[in-house]
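J.: From Swiss-Prot, here are the annotated features:
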- R36, Q37, A38, G39, R40, D85, Y160, S215, H334: substrate binding site (BINDING)
- D85: site 'Transition state stabilizer' (SITE)
Amino acid sequence: MSERATYAARRVLPDAPLLAAAEGRTPGRRPVWFMRQAGRSLPEYREIRSGIGMLESCFDPALVCEITMQPVRRHGVDAAILFSDIVVPLKAAGIDLDIVAGTGPVVANPVRSIADVAALPRLVPEEVGAVAQAVQLLTAELGSTPLIGFAGAPFTLASYLVEGGPSRNHERTKALMHSDPRTWHALLGTLADTTITFLQTQLRAGVDAIQLFDSWAGALSLAEYREFVLPHSERVFAEVESAKVPRIHFGVGTGELLGAMGEAGADVVGVDWRIPLDVAARRVGPGKALQGNLDPAVLFAGPAAVEKQVRRITAEADAALAAGATGHIFNLGHGVLPDTDPGALTALVELVHSL
């Protein structure tokens, strides 16, 4: 994967607040969007997804377009994020997995040996052609709103493959990385290739930014992250650098890893709700924008509590900017919870824009 991809001209969105903040320019307003904004919190999403499986939905370009647009229409957020799932490129490549309701991704044949790694199918762009088509539909419909593409980071994909599904302790994953580093790095190298192909496909189709989700990285120590994960995430960001779009890096529970995550090459580092943004800025170091970081559960506490926390976060973000951060994108510290009142999200967007 050493060759740098070439990308056709994409939309020019000089006034988009999200792109301005991500690129270190001054936005016309503080940008805000939400991870998992297209999802079960919206009644229109539940209606359109009725009877259609998650993975089936992700390979239907018209459905992906409609679901991605729903929160943009309803909330007035400053970005759309492509409706997909981090295991989509694995499924597209031919890995036997499914998303089981109430559980998450379940892998039929977990990866536990170098032979298992060698047997993994490699993703080719044509296998995610439906995703590219969805991106093209969206860029034609979104007007001046940027579209964020995304992929799962190699470590998080590896954890699903090694564990066979979601894991609380990641014991098999950690056992493999420590006991058999050769197999571990071969696996992450293969998954980095998959992630790169998936992101490059989205970039060629016209996404305006990308986010790399390392959902499970918070399970790692800093030493583990640096030795076993950072080189592979670093390669992903390097391989999409030539697209010249903002690159966002996010993980949950990664307060102690923020400095290393910042080194991976992203322009924006996502921060969960456990660490103040001004503290995060010192850990990440100057020259990066920050994204975050309202606790999703606060949205259940009522308008007064939400406003109090939003004002605290924006003040901490302003302190982060004074400390060397190059921008702030307001977001939650993780995804929108399924039972969140959509009206609370709309009000949150209006509040952030008013400050």
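Cβ from N, Cα, C; glycine included.
Quick caveat, the model's predicted, so the values are computed rather than measured.
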J.: Counting Cβ atoms within 10 Å across all protein chains shown, which of the binding-site residues R36, R40, H334 comes out on top?
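T.: Checking each of R36, R40, H334, the winner is H334.
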J.: Enumerate same-chain residues with a sequence separation of six or more from Y160 (substrate binding site) and a Cβ-Cβ distance below 8 A; give 'none' if the list is empty.
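T.: Same-chain residues close to Y160 (substrate binding site) (Cβ under 8 Å, separated by 6 or more) are V87, L90, L97, P105, V107, P166.
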J.: What same-chain residues, at least 6 away in sequence, bring their CB to under 8 Å of the CB of A38 (substrate binding site)?
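T.: Result: Y45, I67, T68, Q70, P71, A80, I81, F83.
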